[in-house]
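Shown next, in structure tokens, is the structure this report addresses.
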Protein chains: 2
Amino acid sequence: MKRARNFSAGPAILPESVLEIVQKEMLSYRDSGMSVMEMSHRSSLFENIIEEAEQLLRELMGIPEGYKVLFLQGGASLQFAMAPMNLVKTGKVGYINTGSWAKKAISEAKILGVPHIDVLASSEGDGFTHIPEIPAVDEAYDYIHITTNNTIEGTAFQTIPRFVNAPIVADMSSNILSNLYDVNDFGLIYAGAQKNIGPAGLTIVIVKEDLIQTEKTLPSMLDYRTHIKNDSLYNTPPSFAIYVAKLVFEWLKDLGGVTEMVRQNEEKAGLLYRTIEESSIFTSPIAVDSRSITNIPFVTGDKDLDAKFVKEATNAGFLNLKGHRSVGGMRASIYNAFPYEGVKELTEFMKAFEAKEGKFK
Amino acid sequence: MKRARNFSAGPAILPESVLEIVQKEMLSYRDSGMSVMEMSHRSSLFENIIEEAEQLLRELMGIPEGYKVLFLQGGASLQFAMAPMNLVKTGKVGYINTGSWAKKAISEAKILGVPHIDVLASSEGDGFTHIPEIPAVDEAYDYIHITTNNTIEGTAFQTIPRFVNAPIVADMSSNILSNLYDVNDFGLIYAGAQKNIGPAGLTIVIVKEDLIQTEKTLPSMLDYRTHIKNDSLYNTPPSFAIYVAKLVFEWLKDLGGVTEMVRQNEEKAGLLYRTIEESSIFTSPIAVDSRSITNIPFVTGDKDLDAKFVKEATNAGFLNLKGHRSVGGMRASIYNAFPYEGVKELTEFMKAFEAKEGKFK
Ligand SMILES: Cc1ncc(COP(=O)(O)O)c(C=O)c1O
Ligand SMILES: Cc1ncc(COP(=O)(O)O)c(C=O)c1O
Ligand SMILES: [Mg+2]
Ligand SMILES: [Mg+2]
Ligand SMILES: [Mg+2]
Ligand SMILES: [Mg+2]
């Protein structure tokens with residue numbers, strides 16, 4: 001059984017050793033005679049799993065006391081609405097517009113009728129090819145929302161801004177656990193699991209408890225307080241996805257944690273960016289100081305040649321390299337579980353393609 | 001590897017043959033070199049899976065044209081809120097109060113501020129031990145909500161009521177595909193997958209499209225129209241759970257569909273109810289004309305003896321027989337995937353327990 005070189009932006013590649021454990025435990029988790037999929041979420045077996053998952057994530061990210069960790073459903077897309085529903089107090093919020101997902105977050109705040117929405121910085125005019133300069137903001141905001149890594153465009157915040165009177169809400173879907181951030185810099189972090197953590201259908205929320213608005217009455221499932229009070233077991237959680245996440249956290253801890261992961265990710269990304277720089281046919285559309293280490297777009301500048309590259313790469317076993325339909329070209333998503341050798345093989349394939357096609361430039 | 005006799009009310013036992021396929025395909029689905037967990041939800045491989053899942057469910061339940069099938073997240077608990085959000089037009093809704101889950105559904109409608117909520121029938125005064133008589137209702141309601149099977153209490157609607165001027169919204173979480181109902185009798189059906197369908201984290205919604213209210217602006221993720229328009233792929237769906245559901249649907253179809261399943265379920269339930277009837281120490285708290293075939297509570301009338309039974313049963317490998325904390329006693333959940341032999345073994349264990357303990361009565 002040959003494993004693919006899977007560059008999917010999400011759901012994305014998982015560590016092979018994790019899949020092997022899942023496979024082994026599929027019909028009987030630790031001699032229980034049950035798959036984790038079949039276990040009551042009220043059983044001590046499952047409670048141990050979810051508690052270990054939380055402890056491991058706390059350790060890996062250095063999550064301080066006062067922050068709650070929630071295992072929810074609905075994806076980051078539901079958090080676009082839940083964050084304002086739970087955090088808006090005065091009605092004044094700020095957003096930094098760095099890409100398609102940031103725009104969706106803004107649009108959901110508008111749908112909810114949040115009275116005052118300021119877009120404090122945007123790189124939309126430049127096609128989102130860089131992270132815009134973030135102004136100093138003294139005014140009070142209920143929160144200011146950022147997207148730490150822009151999955152589609154391939155940019156990432158290299159440092160997290162600080163605002164005197166506003167906590168930061170961060171969509172960290174595509175670089176949670178693959179960049180090193182200090183949780184203290186955030187009021188709320190959310191991320192769909194399907195890139196760096198596990199199967200789709202699990203959403204991680206890390207929230208500073210004292211920020212949660214307590215005056216409003218919200219539908220129970222949309223109220224962070226419900227899930228805090230019930231340790232993410234108010235209703236049936238996505239238990240199998242939580243189990244896989246726990247295994248991924250163990251894998252990551254064994255490897256050396258986020259610091260080691262960042263080292264590996266920078267090595268992988270460095271190799272790919274270098275190949276792009278040295279190439280005469282491939283270029284990166286992204287400003288050097290804004291580049292993501294997890295999602296790396298590149299283009300030839302010629303749509304037909306892009307398509308040809310994607311097709312030949314696919315035939316050679318490099319899957320899901322086609323750029324998002326909104327930007328075109330190519331994009332290699334190389335999250336934590338993507339191995340260095342896979343990137344190396346891709347760069348060799350790129351060089352061979354260039355040698356073959358370069359003459360047409 | 002011995003498989004447990006797992007009577008969990010949910011997440012619940014799955015067909016062993018399905019788990020074996022999942023196990024086999026864990027590192028490479030159909031020679032793709034990827035686990036289904038790792039597949040882009042925009043890939044043709046996954047699109048085939050979700051389309052097949054929908055087609056199979058349509059076939060198994062006889063879902064007519066005009067009804068949409070959605071694969072969502074959030075559990076039945078989120079539907080307690082989404083159903084009123086999407087269906088309320090005039091503001092007048094009815095509920096039938098048959099148990100703890102029905103009460104939660106009512107409570108979420110209240111939280112949303114639905115202006116006029118009529119509880120049209122209730123068996124709460126009798127401890128929910130039967131399905132109440134349903135009055136004829138001529139008045140118009142945006143919908144009348146029922147819980148077809150009351151998981152905790154062990155009752156089920158034997159026939160679905162018809163109301164002249166109100167569509168029925170049904171929480172079918174614990175008997176979808178294990179009782180035979182006619183989808184035409186409903187305006188909306190919803191069910192968490194974790195009992196009869198697959199892993200937790202997937203919610204099935206079957207909705208008659210022309211009932212959806214179109215004047216309101218709802219958060220995108222909470223709006224049925226979003227998911228209809230995008231064939232359940234507006235955002236990343238719980239793709240792995242959908243894959244397992246598809247395998248369960250195939251298993252069910254191969255077995256002979258819902259009709260055959262009902263026959264098997266009635267056989268299993270019949271054996272257990274008969275054993276309870278014939279027993280001098282166990283009784284069923286549930287009225288004969290209201291009994292569920294999927295969730296079967298029984299009691300000795302003596303808390304200590306109940307506890308002793310549960311303990312000895314657990315030691316003998318009959319897991320999760322403890323009744324819900326709100327009702328006590330025992331409960332055997334025997335969904336589609338629970339095998340007849342397991343029920344037979346349980347009844348033999350009950351008889352042996354009775355022979356041993358009967359003298360203390
Ligand atoms: C940065 C970012 N935000 C939000 C989303 C949407 O996530 P979900 O599909 O879990 O709703 C994605 C998905 O790719 C993303 O990359
Ligand atoms: C009838 C019924 N409705 C609703 C629920 C809640 O479902 P979920 O945990 O998926 O939100 C359950 C769960 O057991 C149930 O049995
Ligand atoms: Mg906790
Ligand atoms: Mg170049
Ligand atoms: Mg469809
Ligand atoms: Mg009896």
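Backbone N, Cα and C atoms are what each Cβ position is placed from, and that goes for glycine too.
Note: TrEMBL annotation is automatic and uncurated.
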Please pick, from B:ASP126, B:ASP171, B:ASP254, the residue that TrEMBL records in the pyridoxal 5'-phosphate site together with B:ALA76, B:SER77, B:TRP101, B:THR151, B:GLN194, B:ASN235, B:THR236.
B:ASP171
For the domain 'Aminotransferase class V' (B:6-346), what is the mean per-residue pLDDT, to the nearest integer?
97
Chain A sits near which of the binding-site residues B:TRP101, B:THR151, B:ASN235, B:THR236, counting only a Cβ gap under 8 Å?
B:ASN235, B:THR236
Measuring Cα to Cα, tell me the gap between B:ASN235 (pyridoxal 5'-phosphate binding site) and B:ARG42 (L-glutamate binding site) in whole angstrom.
10
B:ASN235 (pyridoxal 5'-phosphate binding site), Cβ-centred 10 Å count of other Cβ atoms over all protein chains shown, is 21
Per 10 Å Cβ neighbour count, which of the binding-site residues B:SER77, B:THR151, B:ASP171, B:GLN194, B:THR236 ranks highest?
B:GLN194
B:LYS195 (N6-(pyridoxal phosphate)lysine), Cβ-centred 10 Å count of other Cβ atoms over all protein chains shown, is 31
State the three-class DSSP label for B:ASP171 (pyridoxal 5'-phosphate binding site), counting H, G and I as helix, E and B as strand, and everything else as coil.
strand
